[in-house]
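> Mind looking over this structure? Questions follow.
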Amino acid sequence: MSSIVVVGTQWGDEGKGKITDFLAEQADVIARFSGGNNAGHTIKFGGETYKLHLVPSGIFYKEKLAVIGNGVVVDPVALLKELDALNERGISTDNLRISNRAQVILPYHIKQDEYEEERRGDNKIGTTKKGIGPAYVDKAQRIGIRVADLLDKETFEKLLKDNIEYKGAYFEGMFGKACPTFEEIFETYYAAGQRLAQFVTDTAKVLDDAFVADEKVLFEGAQGVMLDIDHGTYPFVTSSNPVAGNVTVGGGVGPTFVSKVIGVCKAYTSRVGDGPFPTELFDEDGHHIREVGREYGTTTGRPRRVGWFDSVVLRHSRRASGITDLSINSIDVLTGLKEVKICTAYELDGKEITEYPANLKDLQRCKPIFETLPGWTEDVTGCRSLEELPNNARRYLERISELCDVKISIFSVGPDRNQTNLLKSLW
């Protein structure tokens, strides 16, 4: 039995999809365990580029299972659009499995997300407005509708009517706006559920069977540790737990099944949306990173905020997710910069701190303490080992590893699969 969890160590968009796809070649099952279609990842497969939001990266390997676990919130209509788009491009989706215990995103969740952001005004969280947060709220309130409920017409009808009554009063009282009606939702979403029924099963049993058969299971994380609702920059976080430990809850497997945790990061830092970002850049170096790195959100298209690498963040992520190995992406983006910087600690009210503050006010007063290293101008996109990298680029990666106390097992020097380099076997 062997399993690997891939998690983002920053604020998402670290390149987890690419690393998952890379590791998926040797896996038997690839499973998602948290988030929803707010997560976007770009995959290059067979010379083509695909942008996925809900579908696991393993979908491209027809002999492997691609699992959407119970911890994922599923918009049935959005998922069908994604599946149809893949089918139109000749990709079979017969290997998809969807948990019957996953929560369903409905139109009132999306509207609630939109209205909540409007209500917050300048204090908005910066959500993708996909209904993720409200769906998780309903789950916690025990009024959520699960995939198993969606497939049963009588159950779905009753639960939906009850929720529409409740949401109608809530929308009117909180926003002064109407809730989507039963008639606008029922037939469309029931039909969507029927189309998805062929994929629905008890995915926890699927994963357990894989472990019993000594198969290799790859868990695909969404977002990043710094967006975790418990361990991230609260309240500027997602509504779920992207940390590796959530595999046990969102995947439905025991903690003893996890063998390794791969922490994925960029050679710099990026963030979409609002919230603290101590190493954020607003100068020419920031412009260089954004444009060369094509830093625009897969889901939203919004320009990402960019900054220098923050080892305080990565050390926090290492502890929160039990990271055993590091994958550093987008090293090529820094090529051409005269100097590169790594944040080693923060200064808070005249004192040096090396731990990430929980208090938002403290965090806003933190000033990054940088270590400056010489940059490089040599082309790194063809490098296949650490030894082939320019001396300054190699020293930069080694310094990150030293500061974060995690060994580098993968490094990437470009967007293509053959630009991802494995330094040791992870399976």
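Placed from the backbone N, Cα and C atoms, the Cβ positions cover glycine too.
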> Taking Swiss-Prot at its word that ASP13, GLU14, GLY15, LYS16, ASN38, ALA39, GLY40, HIS41, THR128, ARG142, GLN223, THR238 bind IMP, choose the one of ARG89, ARG97, ARG195, ARG302 listed for that site.
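Of the residues offered, the record points to ARG302.
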> Roughly how many angstrom lie between the C-alpha atoms of LYS18 (GTP binding site) and ARG302 (IMP binding site)?
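Checking the Cα atoms of LYS18 (GTP binding site) and ARG302 (IMP binding site) gives a distance of 20 Å.
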> Near ARG304 (substrate binding site), meaning Cα within 10 Å, which of ASN38, GLY40, THR128, GLN223 (binding-site residues)?
none
> Between C-alpha atoms, which of these recorded positions comes nearest to VAL413 (GTP binding site): HIS41, GLN223, PRO303?
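So, spelling it out, the nearest of the recorded positions is HIS41.
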> If you draw a 10 Å sphere around the Cβ of ASN38 (IMP binding site), how many other Cβ atoms fall inside it, taking every protein chain shown into account?
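Around the Cβ of ASN38 (IMP binding site), 27 other Cβ atoms lie within 10 Å.
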